[in-house]
Amino acid sequence: MSFRAPNLIRSAAGRRASQTLNLRSQVIRRRFATEGGPEITKPSSPRSSNTRYLLAGVGIAAVGAAYYFYGTGRTAHDSANKADTVVRGAVATVEAKTGLRRGKDEYQKVYNRIAETLEKEGYDDGSLAPVLLRLAWHSSGTYNKEDGTGGSNFATMRFKPEAEHSANNGLHVAREHMEKIKQEFPWISYGDLWTLGGVCAVQESGGPTIPWRPGRIDGFEAQVTPDGRLPDASQAQDHLRFIFNRMGFNDQEIVALSGAHAMGRCHTNRSGFEGPWTFSPVTFSNQYFALLRDEPWQWKKWTGPAQYEDKNTKTLMMLPTDMALLKDKSFKKYVDIYADNEEKFFSDFAKAFSKLIELGVPERQWAGEPWTLGTSD
C-alpha cells in the first residue's frame, strides 16, 4: 500500500520533519552517550557499498523517526522515545550490514575487564559471578514469543518499574557493578554488557564456553515488561512450562537452564528464601543435579517461605521449582542425564543459555555468527 499527500501538505510536513530531525539528532547523540546506545566507528576508507548501506539506513531511520513523531498520535515524549528506538535499531542494522561494528577483540577487552572484577571479598562467597549470571538471565527471561516483547534487546531493568519487580530484588548489586564497567567502555549497550557479564560469569567459574554476539540496543521505560514473566520459585512444574514455553523453550531446555542454580545462593532480604543449592556456589558444575537427585530432602522448619533442606547437613536448600524437576517424569529424565554426565549438561546449557540471552533481538541486528570469547586463564 502506498501513501501520497497533497503537495502543500508534503511541503509543510517536510519542513517540520527537517526542523524536528535536526533537534532530534542532537537529543539522540546525547542519549547515545548517556544511555549506552551503539556508536558507529567511521573507517578510514569506507567501501562504496558500505556507504550506500549507511545512507540507506540513515534514511530509513529518518523516515521512521518522522513517522513516529507526527503520524501516531502519541505524546511528544513517547514519540521521541519511539523515534530514538527506530534510529538505534537502524544504526544496529547498518553496523551489522556494513561491518562497522566493533570487532571481537574490542568485546574481548570488555570480557577481560569483567573477569578481573569478579572476585569481591566480603560479598556472599567471595564472587560476583553468581549475581552477574542472574542479571543476564533475568534481563533476558522476560521474552514473550507471542508478541515479541521482552528479552535482552532493550535492557529495561535499568528503569525503576522493572528493577522493582520482586523477582529482581538484589540485582541492583549486579547493575551497579556493571555500571562501573560501562563507564570504562561507554560504547557498549547495556544489553550487550549484561549478557556478556553472564557469559563471563559462567566461563570464569569453570563452566562451558557460551556462544555470544553483540547487537542489542538500549530502549526506554515504555518498553518495560509487565511483572510476572520470570519464574516464581514457589510454584510447580505446570508453572515452569508456562513460563518457559512462552519464551520458546522445551522440557530439555527448561531443565538445562535450571542448572544455573549450580551457582549462588538465596537471601531472605531478596527472594525470602535462604541458602545455597550446592557446596561450591561459585563453581559451575553439574553438582546441582547430583545433589537434587541423590540427597535426601525435607521441608525446612522455619518462618520463611516453604523450601527444602538437605537432611544430612541442613546447610543446602532446594526450591519448590527445583523439586518439581524430580516430580515430573519428563523433567526427571534430564535431571538423571545431567547428574550422570557433566559434559552433556555443559553442552546443553551452553546452547540453551546462548538462546536465552538472544531472545527479543531482531535478526537484522546481528552482524554474523556468535563468537566464543577466551577465558582469563
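Sequential numbering from 1, following the chain as shown.
Here the Cβ of each residue, glycine as well, is placed from N, Cα and C on the backbone.
Close to His138 (active site, proton acceptor) in the fold, though at least 6 residues off in sequence, lie Met157, Ala167, Asn168, Leu171, Leu230, each with a CB less than 8 Å from its CB. Under the heading active site, proton acceptor, Swiss-Prot lists His138.
Cβ neighbours within 10 Å of Trp277 (active site, tryptophan radical intermediate), excluding its own Cβ and spanning all shown chains: 23. Following the DSSP three-state reduction, the secondary structure of Trp277 (active site, tryptophan radical intermediate) is coil. Annotated active site, tryptophan radical intermediate per Swiss-Prot: Trp277, in sequence order.
All chains included, 24 other C-beta atoms sit within 10 angstroms of the C-beta of His261 (heme b binding site). Taken from Swiss-Prot, the feature heme b binding site covers His261.
The site 'Transition state stabilizer' annotation in Swiss-Prot covers Arg134. Annotation note: Arg134 (site 'Transition state stabilizer') sits in a helical segment as assigned by DSSP.
Swiss-Prot lists 1-17 with the feature transit peptide, giving sequence analysis as the kind of evidence.
Distance between Cα atoms for His261 (heme b binding site) and Trp277 (active site, tryptophan radical intermediate): 6 Å, as a whole number. Its Cβ placed at the centre, Arg134 (site 'Transition state stabilizer') has 22 other Cβ atoms within 10 Å.
If you measure from the Cα atom of Arg134 (site 'Transition state stabilizer') to that of Trp277 (active site, tryptophan radical intermediate), you get 14 Å.
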